Amino acid sequence: MQKAGSSAADQLAEFERRYSRRGLLVRYARGRVKNFGNRQIMTFSGGFALALTEGPVTGGAAVLIALFGELVDCLFLSRLPRLLESGFGIRKLLVISTVTAAVQALTIVACVLMAWFGDQSGLSPLFTIAFLAGASINAGLVLPFHRSAGTVRLIAYALATAFIFFFDALNAPRIDSVHFLNAGGTAMLGFMVALFLSFVNRGFETHRKTTLRLIEQGQDLMRHQKEAQQLSLVARNANDSVIMSDANGRIVWTNEAFSRITGYSAAEARGRLPAELLNGPETDLATSNAITAALMSGKPFRGEIQNLTKDGQPIWMDVNMVPIVDSDGNIEMTVAVERDITSGKIHEQELAAAREAAEEGARVKADFLATMSHEIRTPMNGVVGMADLLSETRLNTEQKEYVDTIKNSAAALLAIINDVLDLSRLDANKMTVHPVDFDLFACISETVRLIRPQAQHKGLKLTLKTLSEVPDLVNADNGRLRQVLINLLGNAVKFTETGGVDLRLSVEDTDLGHIATIEVEDTGIGIPAEKLEHVFERFSQAEADTTRAYGGTGLGLAISRELVGLMGGRLTVESTLGRGSCFTLRLPLGLPDRTGGSGSRPVIAPRHRALLQGRVVLVADDNRINRLLIAKFLADLPVRLEFACNGQEAVDMAVRLAPDIVFMDMSMPQMSGVEATRLIRGNNGAHPPIVALTANAYDSDRKTCLDAGMNDFLSKPIGRSELVSCLLAHLNGPASATEEHRSA
Ligand code: ADP
């Protein structure tokens, strides 16, 4: 290949060398020198003729004169190639060789004149004219090689001819027909010489051009051959399988990769249809049809298809098929390049299976947590409620301490359950925020009040300072804000032994609402600098040794940060070990949506008792303890309490008693609370507010209840004040509930 390519280049170089000005000059010189002997045949023939007619002296003189001219010219020309090589300028050599050509032409002219004016030879002009014609042809033949040398010779011979006729006419007594015939004959001969020379010169030019074209075509051909060979090399050695099929789709050529992948040799494949050879029962019919349709319409096809190897193994191929069409648009052949993507496919399938398994795992985990939390919350409802009721009875100090311990332990257990449940919601992206209008200052001061007993118990000062104006109402998820603040304040009190905890609140106004900055600063144990960011990680405690003494799960801050993130805010910390920490919460708050209900719930006031007078409250719960608890919680209210033990009973009683409000447990035997609610809502009778009572605390449960037609949602364990607030909110209407809350 390499050789063929370089020989084409050599040919072109040789051509350029031969046809350059320099090449032509050298060829002229060598040609003249080489043909020196041939030309002397003419010299000696002419000299011999003159010797016969004019005598040996004239003949010998003519030969010597002609030889002199030839020698001057040829001696120089024989040295010319070497002069060129030694660096002599080409222009100078052209001029000198033109001069020597002129000298040689003049010697010929001299011989011609000797013949013309000779006594005997002058009688017949044929000898002279023929001699001149021969010399002209000789001079003209070298014109393409050395234009000026040829031209100067032709001029000399033409002038000599003209001079002869002119002189002859001048000296003749009169111009007769012989003169005219001689002149006419000479002119015709001259014309023929000119024609012949022009033909020869055109032939030379045509030859030059043809040679060049052939060389160039040869080069193109070789380039194409080289490309074709390279392409065939690529196809042969490609890692992908290459199949060439004829217009009827039958295989004409396959490469080695095809045999390696499919197990079929090229000979076995030749003449077969790819589909009959490779398609198996698993091959997707739609893809197979798409390939056939693309082939019929002469369009390319790209896609994945499952094939079978010779020994029946399924393989996945990425097929790239291109039809080759002729100038009339008919398909000449099809080239298919197919890549074995079996391992990629298997990997893809394994990944999909792994993803499905992981999703299934997450689902199972979430379900498990939901079930566990439900199962734990239901008995906890009994524990917390009963402890609440017990603490309201007359108890001695020791009994009071026991009850308090039960309440604290239950609260701690519930906090852990809530944290774990929150985490599982966050992981499953099921956590949503529920913004409501609420009183920001009231929310924060209530939270501070909640934590104050713990602070006082440790002898710590807990203060709340506002550093700016605080709007009356803002819009955000007050429940989640309270949860975060309880965590921050709880930690601050937990990790501080002396000094106190400050909560500072400031609110900036923006066009879209407000931004609250809440700082919780303590004078406690502090956090080492390198642990600062780790405290926001799950199950992470700053210094296990120190903090173990304080208890905790290491979940609170992780949940708080994610909750704050969900609400569009940021939670950061600064701390000095041994001196205290400051947690900063920046939270965007919306402007109040005054059409919405209040997020805060009222507490019972004596003047509302009249409004509750004689109202019928239906409670549907299959759990006896829960029914007992609610009965106790509402015992001092002037309402009429009715109980249903399952969904069907609840529906019947809702029709029969037309209650003012229904508290409905979600999961009950025979008929669930959700189903019972749907039936009640489907009835034509009264439509009391229905409030779900449930240990299922997911947002999706809340949605199910509301979709079934319930109005509100209380999650177990339910506290007394929460239940009473809910009752008031629904029986009195939200406006009066808010009024009550603000006056409380
Ligand atoms: P827990 O308090 O249940 O361990 P948190 O996520 O609320 O979990 O806190 C994680 C860790 O951050 C704590 O264990 C403690 O090491 C550190 N920490 C949190 N708040 C404070 C604080 N106010 N002062 C010192 N360390 C704190």
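Just so you know, the numbers here start at 1 and follow the chain as drawn.
From the backbone N, Cα and C atoms, a Cβ is placed for every residue, glycine too.
Here is what TrEMBL records for this protein:
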- 93-117: transmembrane segment (TRANSMEM)
- 123-142: transmembrane segment (TRANSMEM)
- 154-172: transmembrane segment (TRANSMEM)
- 178-200: transmembrane segment (TRANSMEM)
- 227-298: domain 'PAS' (DOMAIN)
- 301-353: domain 'PAC' (DOMAIN)
- 371-591: domain 'Histidine kinase' (DOMAIN)
- 616-731: domain 'Response regulatory' (DOMAIN)
- Asp665: 4-aspartylphosphate (MOD_RES)
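Across the domain 'PAC' (301-353), mean pLDDT in this model comes to 89. Simply put, out of 93-117, 123-142, 178-200, 93-117 has the most Cβ pairs sitting under 8 Å from the transmembrane segment (154-172).
Counting Cβ pairs closer than 8 Å to the domain 'Response regulatory' (616-731), the top stretch among 227-298, 301-353, 371-591 is 371-591. Note on the transmembrane segment (123-142): residues 28, 31-32, 39, 42, 46, 49, 105, 108, 111-112, 115-116, 149-150, 153-154, 157-158, 160-161, 164, 182, 185-186, 189-190, 193, 196-197, 200-201 of its chain, located 6 or more positions outside it, place their CB under 8 angstroms from a CB of the stretch.
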